[in-house]
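Feature annotations, reproduced from TrEMBL:
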BINDING   F60, G61, K62, Y80, T81, Y82  substrate binding site
DOMAIN    110-173  domain 'Fe2OG dioxygenase'
BINDING   N117, Y119, H129  2-oxoglutarate binding site
Amino acid sequence: MADKLKEIEIDKVTWKSIREDGLDLDYAVAIPREKANILYGELEKTLQYFTGDLSKIKVFGKIHPLPRQQVAYGDPGITYTYSGITVPALPWPTPVLAIRDLLFKLKGILYDFVLVNKYRNGNDHMGEHRDNEPELDPKYPIASVSLGQERVFVLKHKDTRKPGPNRKQIPPG
Ligand SMILES: O=C(O)CCC(=O)C(=O)O
């Protein structure tokens with residue numbers, strides 16, 4: 001697999017960008033479909049998702065099962081805390097390292113941690129969140145690699161929750 005991703009000619013990857021207030025996003029289809037499918041199959045064979053307490057989150061003091069499968073990999077000793085759980089970074093599996101290497105070639109950043117989310121079906125999801133945990137270094141961009149079926153990725157300005165002309169109280173009736 002690593003060889004397959006190494007074949008990608010990074011100079012030929014076409015990037016697009018969105019720059020808005022509070023948003024600085026570059027995106028591309030960097031992994032051609034055939035390679036992406038092979039990589040997905042390899043990940044399916046290799047990854048084992050967290051179970052037990054590591055597959056639950058705490059929201060407003062209540063424990064809920066995660067509405068997706070999750071596992072984390074990274075350099076030794078790294079942990080990541082969010083929504084009331086602390087997940088340990090397991091040692092990098094080969095196909096995940098191949099993605100890390102590709103990101104290094106594309107962006108010159110050697111990532112030290114990844115949280116893998118698997119959405120088993122259309123009901124699995126990720127809730128609104130800000131990725132502002134203290135472990136995340138704001139100097140480095142978050143990289144997101146999406147494999148499998150097409151899914152909707154929604155980006156919202158943090159102020160959309162504030163009161164404003166588009167937010168009105170609706171009386172009952
Ligand atoms: O699965 C995705 O692409 C979203 C992941 C995400 O937003 C996160 O893990 O913080």
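Placement of Cβ uses the backbone N, Cα and C atoms for every residue, glycine included.
Of all the binding-site residues in the record (F60, G61, K62, T81, Y82), the one with the smallest CA separation from H129 (2-oxoglutarate binding site) is Y82. Secondary structure counts, DSSP: the domain 'Fe2OG dioxygenase' (110-173) has 4 helix, 6 strand, 54 coil. The maximum pairwise C-alpha distance among F60, G61, K62, Y80, T81, Y82, the residues recorded as binding substrate, is 20 Å.
When the binding-site residues F60, Y80, Y82, N117, Y119 are checked against ligand 1, N117 have a Cβ within less than 6 Å of one of its atoms. G61 (substrate binding site) is 24 Å away from Y119 (2-oxoglutarate binding site) when you measure Cα to Cα. Cα of Y82 (substrate binding site) to Cα of N117 (2-oxoglutarate binding site): a span of 14 Å.
Listed in sequence order, R68, Q69, Q70, M126 are the same-chain residues at least 6 apart in sequence whose CB falls under 8 Å from the CB of N117 (2-oxoglutarate binding site).
Of all residue pairs in N117, Y119, H129, the annotated binders of 2-oxoglutarate, the farthest apart have Cα atoms separated by 17 Å. Around T81 (substrate binding site), the same-chain residues at least 6 positions away in sequence with a Cβ under 8 Å from its Cβ are V87, E133, E135. Taking the mean position of the Cβ atoms of N117, Y119, H129 as the 2-oxoglutarate site, the remaining residues of that chain whose Cβ falls within 8 Å of it are R68, Q70, D124, H125, M126, G127. Residue density at G61 (substrate binding site): 6 other Cβ atoms are found within 10 A of its Cβ, drawing on all protein chains shown.
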